[in-house]
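Below: the structure, in structure tokens.
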Amino acid sequence: MKGEWGGAWPDAGSGRHWHEECGVFGAWGCDHAAQLTYYALYALQHRGQESAGIATLDGGEMFHHRGLGLVAEVFGPDDLERLAGKAAVGHVRYSTTGANKLVNAQPMVFDVHGGPLALGHNGNLVNAGVLRRELEGQGSIFQSTSDTEVVAHLIARHRGGSLVDAIEDSLRTVQGAYAFVFLTPDGLVAARDPQGLRPMALGRFGSGWVVASETCAFDTIGAEFVRDIEPGELLVIDAGGVRPVRFAEAARKALCTFEYIYFARPDSDIDGRNVHLVRKAMGKRLAEEAPTEADVVIGVPDSSISAAVGYAEAAGIPYEMGLIKNKYIGRTFIQPSQALRERGVRLKLNAVRKVVEGKRVVMVDDSIVRGTTSRRIVQMLRDAGAREVHVRISSPPVRFPCYYGIDTSAREELLAARLSVEEMTRAIGADSLAFLSEDGMLQALGAGPEAAGRGPGGPGDTFCNACFHGRYPTRLYDDLGKHVMEMAAHRGGYS
Ligand code: AMP
Ligand code: SF4
């Protein structure tokens, strides 16, 4: 259905989105479920640092605790003690709009159908704005600005059938990217969106079950990976075991490539691929596509180290630790004043002078969004005596915004949306700059050379690459709920 796919429409809904990069976890039938969830959230901390929360269920009663900050800041021993029960859901959240308020922290807990319901969401719903407007028109009162609450209201208004039926129907109504965990008095429910944009996996913990955004959470708690949850699949986990329900047919599988490029932890496997190895393969391809004469290859810590190692190996140039990151800078850290910054106060990242001095350096980073990081690091390397700085980016240029929960900025802020590669090279002050091609990226993902994602049902229909080419795998809506692909129909649709 061509209309489903539409053409590029980079400005859809630009006035109002809720960027939410998050991590979710759920446990059922596990002793000390709250503690288990706490450790799992620790492993998922990279997916969100602004708020954390856990809800547990004990004898039909729901307990929950949420707060702003890192997992370690939000929970004390007493909080975990209070969170009784053998079932839990947990959430870490990162918000980039002004919506970093406690009301938006998750899991959200509601009373629906005469019982408690906790829900946690990773992703972004593209039709949340119009659904919210409709629900408000029908009398729903929202407590938060988060799109997740729309799902709670849809479930609450559902009539007839079980709570699981209500969850299923609500998921058929929302569109976009999600990994959801729901905790109900009868069971744990986990669901992944029909395109599989956001990852989620199922694991075994003793005689109990766990679900998580990333498999690194399973390794951390000693759970055994069972399988990835399928796009459009919902798992009902209760006393009877795990019951899979297909609530939607996947029109096209479209796992977010940015999970591999930047977002996920290198020790996680997503849909059968290890994140570190994919990044390394991207670096290798980049070296083949954009070689350069140099003395040393360095990576921007932490997310680009794997790609830098791959580049170095393929290019036959030594990999070195040329940049060191201070790992102890939290979100609440007091930024140095402009005056101190101008005097050279650099707290987050420092160059290793003895490694780069007098050298021709290849600096590998995973992406350029606004260009700020690259510009600063190029300058830092020059200040530390680097003779030449060649920037190599292990993903294609990001030219379009993401509507599925990864914060890649509004279009006008994206450096690659405004400038050519030559202009970007000057803007970041590098001697040369090159990006991985889209085909190269897909090959590194093992998708095959033909897999350029050119159309529904084609061989490349495995990943979302919309931020690179602007062809989005779902419908997009403007703030009034108008289907922007209809407005964009004259653009010729999917090519
Ligand atoms: P920028 O400085 O805006 O060009 O951002 C690029 C840098 O931010 C790179 O070093 C990436 O590792 C990192 N990055 C990429 N995507 C994201 C994201 N969604 N959230 C936070 N940082 C990111
Ligand atoms: Fe991921 Fe980009 Fe697609 Fe967003 S648009 S889901 S960042 S690939």
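Cβ from N, Cα, C; glycine included.
Just so you know, TrEMBL annotations are computer predictions that nobody has curated.
The annotation active site, nucleophile is assigned in TrEMBL to Cys22. Residues annotated as domain 'Glutamine amidotransferase type-2' in TrEMBL: 22-240. Under the heading [4Fe-4S] cluster binding site, TrEMBL lists Cys256, Cys402, Cys464, Cys467. Residues annotated as Mg(2+) binding site in TrEMBL: Ser303, Asp365, Asp366.
Structure with TrEMBL features highlighted.
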residue	record	DSSP class
Cys22	active site, nucleophile	strand
Cys256	[4Fe-4S] cluster binding site	strand
Ser303	Mg(2+) binding site	coil
Asp365	Mg(2+) binding site	strand
Cys402	[4Fe-4S] cluster binding site	coil
Cys464	[4Fe-4S] cluster binding site	strand
Around Ser303 (Mg(2+) binding site), how many other C-beta atoms are within 10 angstroms of its C-beta?
21
Which recorded positions from the list Cys22, Ser303, Asp365, Asp366, Cys402 come close to ligand 1, meaning a Cβ under 6 Å from one of its atoms?
Ser303, Asp365, Asp366
Tell me, if you would, which residue among Asp365, Asp366 (binding-site residues) has the fewest other CB atoms within 10 Å in the structure shown?
Asp365
Remaining residues near the recorded Mg(2+) site, that is with C-beta within 8 Å of the centroid of the site residues Ser303, Asp365, Asp366:
Ile261, Tyr262, Gly299, Val300, Ser304, Ala307, Val364, Ser367, Ile393, Ser394
Sequence gap of 6 or more, C-beta under 8 Å: which same-chain residues meet both conditions with respect to Cys402 ([4Fe-4S] cluster binding site)?
Phe258, Thr408, Ala466, Cys467
What is the set of residues, excluding Cys256, Cys402, Cys464, Cys467, whose C-beta falls within 8 angstroms of the centroid of the C-beta atoms at the [4Fe-4S] cluster site?
Leu197, Thr257, Phe258, Tyr404, Ile406, Thr408, Asn465, Ala466
I'm trying to understand the geometry here, so how far is the Cα atom of Ser303 (Mg(2+) binding site) from the Cα atom of Cys256 ([4Fe-4S] cluster binding site), in Å to the nearest whole number?
16
Is it possible to get the count of other C-beta atoms within 10 angstroms of the C-beta of Cys256 ([4Fe-4S] cluster binding site)?
27
Just to verify a number: CA distance, Asp365 (Mg(2+) binding site) to Cys256 ([4Fe-4S] cluster binding site), in angstrom, no decimals.
18
